[in-house]
Amino acid sequence: MTYELLNTIDAPAELRRLDRRQLGTLADELRAFVLESVAQTGGHLSSNLGTVELTIALHYVFNTPDDRIVWDVGHQSYPHKILTGRREQMATLRQLDGISGFPRRSESPYDTFGTAHSSTSISAALGMALGAKTQGENRVAIAVIGDGAMSAGMAFEAMNNAGVYRNLPLVVVLNDNDMSISPPVGALNRYLARLMSGQFYAATKKGVEKLLSVAPPVLEFAKRFEEHAKGMLVPATMFEEFGFNYIGPIDGHDLESLVPTLQNIRQRALEGGRPQFLHVVTKKGQGYKLAEADPILYHGPGKFNPQEGIKPAARPAKVSYTQVFGQWLCDMAAADKRLVGITPAMREGSGMVEFEQRFPDRYYDVGIAEQHAVTFAGGLACEGLKPVVAIYSTFLQRGYDQLIHDVALQNLPVVFALDRAGLVGADGATHAGAYDMAYLRCIPNMMVMAPADENECRQLLSTAFAQDCPTAVRYPRGAGTGVVVQPTLEPLPVGKAEVRRASTAPAGQRVVILAFGSMVAPAAAAAERLDATVVNMRFVKPLDAACVLEMARTHDYVVTVEEGCVMGGAGSACLEALAAAGVATPVLQLGLPDRFVDHGDHAALLALCGLDANGILASIRERFAVQPRAVQPRVA
C-alpha cells in the first residue's frame with residue numbers, strides 16, 4: 001500500500017491542516033502502516049489497530065503537544081508515535097537504540113508522560129491539568145485509559161480526587177474495547193454491561209429503535225449501540241457520581257462522530273466546570289480480520305507475514321520457564337486440594353490457561369489489581385488454603401506495602417511465582433524484573449529463591465509450596481537451558497547451595513563465582529575458561545552463609561553474579577555474611593548497573609551489562625590478577 005497522505009504528516013500541526021473529509025483516508029493508511037510495521041519488528045498490534053481513529057481525532061482536535069495527552073499503559077501508542085514524527089523510526093521499534101514500545105518523555109515532546117504499567121494516566125493528567133491551572137496556562141490534559149485499566153484502584157483514586165475540582169481542564173477518554181490483555185473481569189465491567197438494562201432504557205428502547213430505523217446511515221452504529229450502549233440513556237451513571245460530565249458511549253471508529261464530539265469537549269474543558277469524561281467503544285484489531293477474531297493472540301506478536309497471519313510455532317526444543325510453572329501448578333493442584341491460583345489479569349502471560357480450564361473453582365483472576373491480589377491471597381491463606389500468586393516481578397512492586405503488612409508481617413504461607421525476573425528484552429526498563437531480590441530479601445519471614453534452570457524451577461516451586469511462610473521463586477522470561485524437567489514434586493533442602501564446578505587452579509589464582517538463578521549458566525561458561533569454582537546459590541534468603549564462608553576461606557577471590565540490581569541484591573547478602581564473620585577475601589559484585597537498562601535483544605542487553613560469559617570473564621580479569629587457563633588442543 002502507498003502512504004500518500006500519511007507521508008505528508010510529520011507532526012500533528014500538519015494533520016490539523018487536513019480537511020475533515022481526508023481523515024478517513026488517513027486512518028486507512030495509518031492502520032495499514034501499523035500492521036506493516038509491527039509485522040516486520042514485532043510488538044503490540046491489536047490494541048494499536050483499535051485506536052487509529054481515536055488517535056487521529058485527538059491530535060486533530062487538541063493542540064498537542066501544548067494540550068497534553070497521556071496514554072495509559074502505552075500499548076496503544078504506535079499511531080500516536082507515527083503521527084508525531086517517528087514514522088521512519090518505527091523500523092527500530094523496541095530494538096537496541098531504537099524507539100520504545102511505550103511513551104517516553106525523553107523520546108518526544110508529544111510523549112508527555114512515560115507509561116507502561118497500567119492505570120496511571122488519570123493521576124498524571126490531573127496533575128498536569130492542575131499544574132496548568134495554577135500557572136495560568138490555558139491548555140487541556142487528556143487521559144486515554146482502557147476498560148481493563150479502569151479496574152485498578154489507582155484509576156478510581158484519581159477520579160475520586162479529580163471530581164472535587166471545578167473549572168479544571170481535564171478530559172478522561174475511556175477506550176472501551178472489552179479487553180485488557182486477558183478479557184477484563186470484575187464488577188466494573190459487569191456494571192458497564194448492565195447499564196443498558198435499566199428501567200429507563202427499557203422504557204425508551206422502542207422509541208430509539210424507531211428513530212434509528214428511519215436513519216439508514218446509522219444502522220450499523222445502531223447495532224453497536226445495541227451491544228455497547230452502556231449508559232447512554234441511564235441518568236446518573238457512576239462516572240457522573242464521581243463528579244465528571246459523562247458523554248457517550250460513541251463509536252470510536254467513526255471520525256464523523258469523534259471529531260465534533262471532541263471539539264465540544266475541548267471547548268467545555270477550557271470554559272470550566274466539571275472535568276469531562278468521554279466513553280468511546282472500539283474494537284481491538286479493527287481492520288485486520290485475524291486480529292479482530294483473536295485479539296489475545298495478536299496482542300504482542302513477534303514478526304509475522306500479515307497475509308498469512310501468525311502460524312502455529314513448531315514445538316520448541318526448550319520449554320519456557322512460564323510453561324514449567326504452568327505445568328507445575330496443575331500437577332501440584334492435582335496433588336493438593338488446598339492450592340488456589342491467583343493472577344492480576346495475566347492468565348496467558350503467566351501460564352495459567354490450563355490451570356483455569358482444569359480447576360476453574362480454584363482460579364482467581366482479580367483484574368489489574370496487584371495490591372488487592374496480594375492481600376486477597378493473604379485472606380485465602382488465613383482460611384487454610386495455599387495461594388499461589390502468579391505475577392510479573394515488575395508488577396509485584398505495585399503491591400509492596402501489602403506484601404509487607406498483609407502477608408509477611410502475619411507470616412502467611414503465600415507463594416509468589418515471579419515471572420519475567422531480570423531483563424526482559426524488547427519491553428525495556430518498565431517491565432524489567434531488576435529489583436525483586438533487593439526488595440524481597442529485606443522483608444522478615446520472606447524466603448526468596450532463584451532457580452538455575454527449568455528443572456530446578458519446578459523443584460523450588462515445590463520447595464516454596466511446602467513452607468509455612470511467604471515465599472518467592474523468581475525466574476526469567478523465555479526458554480530454559482534445555483535440561484530435562486523431572487515430574488517430581490519433591491522439595492529441595494531449604495537454604496542449601498550446590499557446587500556445580502570445583503576449581504583446580506593453583507594458590508593465588510583460585511576464584512569462586514557465587515551465581516544466582518539465570519546467571520549460573522554464563523558463570524559456568526566463564527569458569528571453564530578461568531578454571532574457577534561455580535556455586536549455584538539457589539537461595540537468596542535464607543542465604544547459605546556457611547557455603548559462602550567456606551568458599552571465601554578456600555579461594556583467593558570471590559565473585560557474585562546476579563541478573564538483578566547490584567545495590568542491595570543477592571551479592572550484597574553475600575558481603576553481609578562475610579562482613580559479619582570478619583572474612584576479608586576480596587569480592588567482586590556483578591549485576592545490573594545503577595541505571596535503567598533500555599529495550600533490546602535480551603542477549604545483547606546481557607552483554608551490554610557485562611553479564612554474559614565474556615563479560616563475566618573480562619570483569620574478573622580486570623579486577624583480579626588471574627589469567628584464563630590455556631585451551632587444551634583437540635585430539636584428532
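In case you wondered, yes, glycine gets a Cβ from its N, Cα and C as well.
Quantities reported herein were computed from a predicted structural model and do not represent experimental measurements.
Noted in Swiss-Prot for the protein shown:
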type	residues	note
BINDING	His75, Ala116, His117, Ser118, Gly148, Ala149, Asn177, Tyr288, Glu370	thiamine diphosphate binding site
BINDING	Asp147, Asn177	Mg(2+) binding site
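Here the features listed in Swiss-Prot are placed on the structure.
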residue	record	DSSP (3 states)
His75	thiamine diphosphate binding site	coil
His117	thiamine diphosphate binding site	coil
Asp147	Mg(2+) binding site	coil
Asn177	thiamine diphosphate binding site	coil
Glu370	thiamine diphosphate binding site	helix
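For the binding-site residues given as Asp147, Glu370, the lowest number of other CB atoms within 10 Å of the residue's CB is seen at Asp147. Here thiamine diphosphate is bound by His75, Ala116, His117, Ser118, Gly148, Ala149, Asn177, Tyr288, Glu370 per the record. The longest Cα to Cα distance in that group is 32 Å.
Remark: His75 (thiamine diphosphate binding site) has His44, Ser47, Asn48, Gly101, Phe102, His299, Gly300 as non-local neighbours, by Cβ distance under 8 Å and separation of at least 6 in sequence. The binding-site residues examined here are His117, Gly148, Asn177; by Cβ neighbour count within 10 Å, the least packed of them is His117. The two recorded residues Glu370 (thiamine diphosphate binding site) and Asp147 (Mg(2+) binding site) have their Cα atoms spaced 16 Å from each other.
Looking at Asn177 (thiamine diphosphate binding site) and Asp147 (Mg(2+) binding site), their Cα atoms lie 7 Å from each other.
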